[in-house]
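A.B. asks: I have a structure here, written as structure tokens, and I will follow up with some questions on it.
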Amino acid sequence: MRLYPVSNFRSMKTLTFGLTLVRHGETQYNKDGLLQGQAIDAPLSEAGLQQAEAAGRYLADVKFTNVFVSNMLRAKQTAETIMKHNSSCSALEMACDALLIEKSFGTAEGRRLQDVKDMAEAAGQTFPGFTPPGGETQEQVKERFKEFLEKMLQQIGAEHFSERGQDETLLPALSRASPTEGKADDGVKDIPVHALVVTHGAYMCVVVRYFVEELHCRLPQASDKAHVFSLSPNTGLCRFIVTVRKRDDEFILSGIHCVFIHRGDHMKHTS
């Protein structure tokens, strides 16, 4: 997927929407430092349920128009809990999508994270880029996400563009009107279309790197790249503002910037 500049479009109508990514809550495997991947479909632990509740309370007054969720149990439980607390979700259907499931770690699934780091070192590689036998490469996960992103853009465009499309000249003012203030609705207070996506840690790492390195996503000022590319904590939140334009019968991604990354304010009061 490429970003298309304004000059490529005859139409100056755009649709701007919020995209909030949430990592699922803790499972016992997370607590024990074991890789789950795709083969292990563990439920949330007691702490994970508390984290999901905290995320739900934190996002309770944030308006969502679409909810997309990995079809793995830990992600679905997290999404269900968030939606339970949110009145804007009462009429929404949770769309489960296998394209959002966690990266496959192949033969390393169920093993200690340290074991895989040792395997990577023995192979002369570092862990984030290392693919255990039978696992997915970073590139394969990225292609899976790109397929999901394309589906999401077409769905959101079809559902919201006709009534929410805006003149291009409004975008700078809209961006300035949405400062980051440490609040749950940062960046989306004045944006009527907002997608919630609940997925997984390693998957989110690939997504963020793709946004920043290939789509040239603008990051908040003073962002630390090490933090940006790190593993999001359980129920950590990342928010982006996405702009699409309509070209013929397609909706094309034309801009993206990050509001905040790996936010965990809601977890301060969980045990």
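Including glycine, each Cβ sits where the backbone N, Cα and C put it.
Sharing the features that TrEMBL gives for it:
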{"type": "BINDING", "residues": "ARG23, HIS24, GLY25, GLU26, THR27, GLN28, TYR29, ASN30, ARG74", "note": "substrate binding site"}
{"type": "ACT_SITE", "residues": "HIS24", "note": "active site, tele-phosphohistidine intermediate"}
{"type": "ACT_SITE", "residues": "GLU102", "note": "active site, proton donor/acceptor"}
A.B. asks: Rounded to a whole angstrom, what is the C-alpha distance between the residue listed as 'active site, proton donor/acceptor' and THR27 (substrate binding site)?
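C.D. replies: Between the alpha carbons of the residue listed as 'active site, proton donor/acceptor' and THR27 (substrate binding site) there are 14 Å.
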A.B. asks: Near the Cβ of TYR29 (substrate binding site), how many other Cβ atoms are there if near means within 10 Å?
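C.D. replies: That number is 18.
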A.B. asks: Inside 10 Å of the Cβ of THR27 (substrate binding site), count up the other Cβ atoms and send me the figure.
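C.D. replies: So the Cβ neighbour count for THR27 (substrate binding site) comes to 22.
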A.B. asks: Can you give me the Cα-Cα distance between ARG74 (substrate binding site) and the residue listed as 'active site, tele-phosphohistidine intermediate' in Å, rounded to a whole number?
C.D. replies: 6
A.B. asks: So how far apart do the substrate binders ARG23, HIS24, GLY25, GLU26, THR27, GLN28, TYR29, ASN30, ARG74 get, largest Cα to Cα in Å?
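C.D. replies: Overall maximum Cα spacing for these binding residues reaches 15 Å.
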A.B. asks: Can you name the residues of this chain that are 6 or more positions from the residue listed as 'active site, tele-phosphohistidine intermediate' yet have a C-beta less than 8 Å from its C-beta?
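C.D. replies: Same-chain residues close to the residue listed as 'active site, tele-phosphohistidine intermediate' (Cβ under 8 Å, separated by 6 or more) are LEU44, GLY48, ALA52, SER70, MET72, ARG74, ALA75, GLN77, THR78, VAL198, THR199, HIS200, ASN234, THR235.
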